[in-house]
Amino acid sequence: MSTNSKGMCELHSEKVSNFHDAGRYHHHIHKPVYKPIRIHPHFTDMPELIRADFSILKSAVLDAIDFFQNTLYVLPLTGPLLLKRTGCRSSWQNGTNAGKCSYLIQGYRFEKCLDEFFIPNEHLEGLIQWPYKGDKPTQIKFEAGKGIPDTDFVLYVSASTTPRCLKPRDYTKFKYPVIGYASFCQLGLYDRPVAGQINFCPLELHYFKFDQTRLYMIAVHEIIHTLGFTRDLFEKFQDCSKSILGENCVKRDPPLYRNIEGIIRLITPKVIEKMQKHFSCNDPNFGAPLQVLDGQVQPHWDNLLLHGTIMTPTLGLTNLTAIDPITLAVFEDSGWYKVNYQQAQKYDWGRGEGCQFGMKKVSDSEFDAYFCNEGVKGCHYLHTSKAECETTEFDHGIFSAKPGYECDKEMNHLSVIDTNTKEVYGIDSRCFVSNLTRQFENISLTNSLGTNSSELEGRCYRHRCIGPKMIQIKVANSEWIDCPEKTHITIPGYLGIVICPANHEIICKTDLATQEYTSVMSVNTNDVKHITSEMGTEKESFIKVKMILEIEAKHKADLNINNITMNVVSERIGQLLAENRMNFTILWSETGTQNGEVKLTLKHSVNKDKHVWMNLVQFLDNCGQNLTIALSGKIDLYKTRTPPWKESYRQRCLDRLRENRNKLQMRFRKIGDSKGSFIKELMREELLDMKHHQKEIKSSKENKSEEDLLEDLDIDQILNMLEDIQDELRLEELKLLEEFEKYEDSLHHEESVLCSAIEKLCTEEVVCPLCQKYPILLNKAVIFCKCGMRINTEQDCLTLSNVKSLLDSGVKEHNSVCEARPTFTVVSEYGIQNLLMSCQDCDWMSVII
């Protein structure tokens, strides 16, 4: 049986009677092939969490598992995963039951992981005591469980306040609360971990208010531990460099980590390669630095030399933490995994800084982006956040960012512009070390942070990149000022300086041809939140500018965007381009009400001159007033309050939509229906019905004023105003369609089950290749014959049609080069059974099954 693209089954039924025309499967199925790791999560009861918090935690863990299933490849396990029991005290060394358990441990009752979690019996193998001779066991303590199908690793997840949660980790002079911890539970083939547990500490999760992004990073960190990044497993790492298929690997020569110039480094091959590439260092022993605590090597990277990676002992801000390629290299060096490095995130700490990065005890330069002296205030090295200098284990200072000080988040300050420091928080703001004050202000004034304004500290100012090596900054209403690398600049009208970063590439990560510029400004309307301008070259001869007006959510439904005219804006841009002697073509073609966006696109021929870019961006920064004039469209009658009939109308539409499921299903099956036509038709009909109903009701004059407004309004005008109801109906429509999809999927499943049953009834006999007398029989994954041939294929999806096809293609391929008749035998290697076809005349040998 095969399955076509629509999920329907196709039946094949042919009789095989001549093995000169039977076949083989050319690929050797018994040879291992690396496949994406299959991780099975098992969530325990979590009485300390409410349902909503558990849902957030579960979602974060599942997202983390998805990351690893797209990143790591393993030799897949065959059959269900069954974990070992430790209840056998000794085994027979010889006799007919050699290798089987001879004595049980008295009082053995269960298996635990991390001394806290009881592994379910369904996941465990049996525990049986055997006599020296005989085929009957002396005692069956536990029957074998069913195991976990289609699984290479089982992850037990709990959230419980344990003694480990209540004991803070002491890293020299700092104590950090425990957010979570994890470890592997059991090892499988080649000592690869096959089970692990994570426990999240509920008290700390509540502190972080169950931030799902942070939970995701915590889960990734802990899963990395369970999969092998732990000191106890370093010594079990294997060298598979001479084994393409991952078999017959050898243990790596110890030690895997070594003290090199006072730093303990993990010196496995792939880790060294990634370290050398990242830091631009050719030292053959330049491995990754491990954390050392109280003289003991820890399964974390050193927080100074690899600051900001996912595997440092303390997790920083999630947007400043990277799942880096150096960490992923550990998996490859273990010998158990192949790695998809495209899943790694960009990591910039110390990039290209050489072999001696981080070796100095004291920062001796005001331009040092990485290290600092204790007590100094400055910027995180990525310049997205203000930071304070904190001392690490080796008495080095690094700028540590804290929540609430991110420059690119407008919500981090009550006002858009700080009255004393003139700082601006927003999407295009970055942190710069500065001590600027207005010239007419007293230098001794304190700023909003309570420090003297003359002291150098991190400040948030708007920036833009005009190339990989040049940044411009803007302070309040100043002009854009060039800020070359490793220089001080002054701002007209201000006392003090701004220190320009030493490496602009960290801030401007894309090249000139694809650079984006973002501008945030104030305009004289409550309906326009901000304007974004994006720039990029197109075929080296055009510049494309796109302006987007983002409407505040509370006004989105009230503003009729179709009535906005862009003529004023277009004319003003045209005037600007004419002044700069640039020809342009307006390609305006898109307005929409669904997302509250208006887009303007124009092209003009230019030479690739950065000043042209600057002039356009400068205009966009100052055109808020003109855009306000352009917003001359009519605002609806109910800008400040909801009309009295609106809630009733919303409920009627929802009820109508739910009652018309059959019509909705028919629409779902149709191809080519215009988007939203069903919803608009429903809303129009309900409006007409409400207007008709109002006319029939005799109301007093006192109750007439508000309700009669509906009667006086145009239907199309009302539909344009009520975008919120349209959006709600579309969501309800999607929910109904999703239910319908599930129903259709169940029908497809029933059809496939029926097809399978029919296939088993209709498939004709396949003669056994060994005896060539009796037919082959199939029971689940086992192929057997009356003559005694029996093969457990461990392939639940195998059918007699598949067997026939394999035999047919194999014999045909052999007969194309040899006329002798092949022979068939069943062989077993490493517990795996195979049907082998061979020919002594031509020295042919191949695996059929």
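Using the three backbone atoms N, Cα and C, a Cβ is placed for every residue, glycine included.
All TrEMBL annotations are machine predictions without curation.
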Matching residue for the Zn(2+) site, where TrEMBL names HIS221, HIS225 - out of HIS123, HIS300, HIS307: HIS300
Arithmetic mean of per-residue pLDDT over the domain 'RPA-interacting protein C-terminal' (767-846): 76
For the Zn(2+) site built from HIS221, HIS225, HIS300, further residues of that chain with CB within 8 A of the site's CB center: ALA182, GLU222, ILE224, PHE229, PRO299, ILE310, MET311, PRO313
Residue counts (helix, strand, coil, in that order) that DSSP gives for the domain 'RPA-interacting protein C-terminal' (767-846): 16 helix, 29 strand, 35 coil
Inter-residue C-alpha distance, GLU222 (active site) and HIS300 (Zn(2+) binding site) (nearest angstrom): 11
Winner by Cβ contact number (other Cβ atoms within 10 Å) across the binding-site residues HIS221, HIS225, HIS300: HIS221
Around the Cβ of GLU222 (active site), the count of other Cβ atoms that are within 10 Å: 25
